[in-house]
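Here is the structure we will look at, set down as structure tokens.
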Amino acid sequence: MGFRPQRVASWFRNSDNLLLVLTLASVSFGVIVGGLLRYAELNQGTIRYIGYPGELFMNMLKCMILPLVVSSLISGLAQLDGKTSGKVGSRAIMYYALTTTHAVILGIILVLLIHPGNPDLKVKHEASEETKVKRVKAEDKFLDLIRNMFPENIVRATFEQQETIYTGNGTNEKAVIQYSPGINILGLIVFCIVMGIMISRVGPQAKPLADLFKAIDLVITRMVSLVLWVGPIGIFSLIANKMLSVPDILATVEMLGWYMLTVIIGLLIQAFVTLPLIYFVAARKNPYTYLRGLGQACLTALGTSSSSATLPVTFKCLNEIGVDPRVTKFVLPVGTMVNMDGTALYEAVASLFIAQLNGISMGIGTVITVSITATLAAIGAASLPSAGLVTMMIVLTALGLPVEDISLIIAVDWFLDRLRTTVNVLGDAFGCGFVYHLCKDDLDTMPDQPNMDDVLKEHGVDIDEFHRQEKEALSRRQSEMRNGNGTNNILQQV
């Protein structure tokens, strides 16, 4: 058909397309500029200034997390009846268990086949203050996970969470429960799920409360759309800052090249084979068409390395794809907390890599231990940058490996963290599509189905323009049918 400038201009007039291109450009420029500025040997103060816009962008996204999760969960569940919400929840749990378990097994198989760890090449590093980590036991982390699901004070859960620490030495050592800074997102999710279901069951008397959270959800969604336009600047800043902060990229890559290759192969298989296949089995639709609509979320995850910070963008992408908001408002916030495919795979590979570096044989007991602890650690991992390094200690402790060996992989974690976060986000997004298509019949037969025009208005769509384009498309298809070549075109579009 040839190049048509009018079509290209029309494509760029779509704000979503323009934002996607700007975000992709910011990632590329961040890598290029950060790499070139390394030759300028900038001081730490200048590097900090380069990362300052990215810091502000992260703060704006994090600011949206709490109101977005609370309003989306409660408003979404309040629109579902008890039977439907039960089906949505059970399908979501089935998906989480399936993908996380597969990611761990895939990571174990790859690390055993490629065998990236060679004890002769192990380099002993003195852990700096930034790489020192506190002692963690697997059972304590698991108990903390359950403990945080049921916070004693829901207001306190908005800014602190509980964790187990050890005080004293030797025989005098004892475990103490303390509060640490950070949103207890798991406790809030459990509270909001129960509240949303109760609003749905109470019925008309609770409608004002449901309308309140629905209005908050709508306002926060609009605010997120505004923040996203700062994204290209923020992502450029974050990536350039990280490129400048790594002491010696070439030496680091040379030492850990096979380890990085193993993790990257596993993440690629999980992202482009496993997740699309699971979606195809449930939806019987082309998964790569669905994947194409998640480009903005993937690029934001790559730039921020935080699935929580990417959550608002993922919501926006799934709404544009056409996934029912009643599904995304339930599945996505829960998935962001417990469904960590990329993190699970990474922890399985990294722990066995360290075991190989220490010359420890891989028996069936070691493999089973890694499988269980990596799965639990991934579920308990915070959806924040480099959180996998903290939960990695659970797996290393279970294997009896030196925790200080984490310093070996610290240097490349900034890069792998971005890739595994992208896979985490893809896993959550595909999970929404999976659950939606399995529960679609139940959702479609609900009597309180919202009017389509109202839904479109909520997302800022010009109704008159939408219906005009719809009529033009119908007229064009009818014309193609009359010309005798429309059947193939229509089938291709389907």
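Cβ coordinates are placed from backbone N, Cα and C, and glycine is handled just like the others.
Listed in TrEMBL for this protein:
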TRANSMEM  18-37  transmembrane segment
TRANSMEM  57-80  transmembrane segment
TRANSMEM  92-114  transmembrane segment
TRANSMEM  183-203  transmembrane segment
TRANSMEM  215-239  transmembrane segment
TRANSMEM  259-282  transmembrane segment
TRANSMEM  360-384  transmembrane segment
TRANSMEM  390-416  transmembrane segment
Close approaches to the transmembrane segment (215-239) from elsewhere in its chain (Cβ under 8 angstroms; 6 or more beyond its ends): 19, 22-23, 25-27, 29-31, 33-34, 50-58, 60-61, 64, 67-68, 70-72, 75, 296, 299-300, 302-304, 312-313, 315-316, 329, 458-460
Same-chain residues at least 6 beyond the ends of the transmembrane segment (57-80) whose Cβ lies under 8 Å from its Cβ atoms: 88, 158, 183, 185, 188-189, 192-193, 195-197, 199-200, 206, 209-210, 213-214, 216-217, 220-221, 223-224, 227, 230-231, 233-235, 237-238, 304, 306, 308-312, 315, 325-330, 332-334, 446, 448, 450
Distant-in-sequence neighbours of the transmembrane segment (92-114), which means Cβ under 8 A and at least six residues beyond its ends: 258, 261-263, 265-266, 269-270, 274-275, 278, 330-331, 334-335, 338-342, 344-349, 352-353, 356, 362, 367, 370-371, 374-375, 378-379, 427, 431, 434-435
Tertiary contacts of the transmembrane segment (259-282), as residues 6+ beyond its ends and Cβ separation under 8 Å: 95, 98-99, 102-103, 106-107, 110-111, 114, 116-117, 253, 288, 290-291, 341-342, 345-346, 349-350, 353, 409, 412, 415-416, 419-420, 422-423, 426-427, 430, 433-434, 437-438
